[in-house]
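*Asks:* As listed in TrEMBL for this protein:
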TRANSMEM  52-77  transmembrane segment
DOMAIN    70-319  domain 'G-protein coupled receptors family 1 profile'
TRANSMEM  89-115  transmembrane segment
TRANSMEM  127-149  transmembrane segment
TRANSMEM  169-187  transmembrane segment
TRANSMEM  226-254  transmembrane segment
TRANSMEM  266-289  transmembrane segment
TRANSMEM  301-321  transmembrane segment
Amino acid sequence: SFLAENDLHSSSESSHLALVLPHRQTAGWMAGKNDTVVTEFFLTAFLEHPEWGLPLFLVFLSFYLLTLLGNAGMVILIRVDGRLHTPMYFFLGHLSFVDICYSSITVPQMLAVLLEHGTALSYTRCAAQFFLFTFFASIDCYLLAIMAYDRYVAVCRPLLYVTIMTEKARWGLLATAYVAGFSSAFVRTVTAFTLSFCGSNEIDFIFCDLPPLLKLTCGDSYTQEVVIIVFAIFVMPLCVLVILVSYLFIIIAIMRIRSAGGRAKTFSTCASHLTAVSLFFGTLIFMYLRGNSGQSSEEDRVVSVLYTVVTPMLNPFIYSLRNKEVKEAVIKALSR
């Protein structure tokens, strides 16, 4: 009777456990512990404010359409206007293309999460999204650093600018950015998705990004996290260092110009790029180069919206509104 009662109690607990565990997870025994192996992730966002779903969906959709329109317009404008066939606009055109790509990887997923109040994502699809986002975001970082170097050569070595920034050099720098972005994204994705994810499969975030994924890990992940941090250092801090050194020499060169008008004109050619750099790297550094403990999910979501939705949308407007050549090209194109 005692054994029968225990069997009944055990079967009751098992059935209760089966009801509690959602269908997105697969139960398994790991290292002798009754853990839940995550085979599918479930993205949620703003569940504490369900009434925000539709308004935020409409806002982000309008931002995304502006991103596509502005960046595609910038790419077309640079290709059709002969006055913009210079190294600076060559890199700006590719920056606009990359902004379209990495925004398109995250924003549609974000819209689905907001509209459906959560959406399931397979392990493979989450890894693919993480890889593509890291790939294009890394290229964005490298392109901004290359553009800072381009401005340094233009301001500090104006007589050698044509011989340094040749067409071959431009394509070489661009190819290097793509190869470096692919290598970084590949290593970080493989390293991140060899981590063990167990327990809850719910990601309180709007797409598969590294900080929320690290919160789901279990077991010893020290080696993988070191590799991820090392490769993060080779992307963000290295690019920031190149930008800071370039602008340090640019500022020194500007201060040597005697006329105030000459200083203002020279600095105006760099102001648009400096604004874009501040927006992009400021949000990325805040998101990734800080401790993982005590982070607010809502705070993370707000920051992620800035670098996935707002910054790609603002870039073409920053470069067009603060750049005389682009404004003239836009007016000429519209007059046609």
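Even glycines carry a Cβ here, placed using N, Cα and C.
Annotations in TrEMBL come from automatic prediction, not curation.
Owing to the predicted nature of the structure, the values given are computational and were not obtained by experimental measurement.
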*Asks:* Are there residues at least six beyond either end of the transmembrane segment (89-115) with Cβ under 8 Å to its Cβ atoms? List them, or say none.
*Replies:* 43-46, 53-54, 56-57, 60-61, 63-64, 67-68, 70-72, 74-75, 78-79, 121, 129, 132-133, 135-137, 139-140, 143-144, 146-147, 150, 170, 173-174, 206-207, 305, 308-309, 311-313, 315-316, 319, 325
*Asks:* Same-chain Cβ contacts of the transmembrane segment (266-289) under 8 Å, 6 or more residues past its ends?
*Replies:* 137, 140-141, 144, 147-148, 151, 154-155, 210-211, 232, 236-237, 239-240, 243, 247, 250, 253-254, 257, 300, 303-304, 306-307, 310-311, 314-315, 318-319, 322-323
*Asks:* Average pLDDT across the domain 'G-protein coupled receptors family 1 profile' (70-319)?
*Replies:* 82
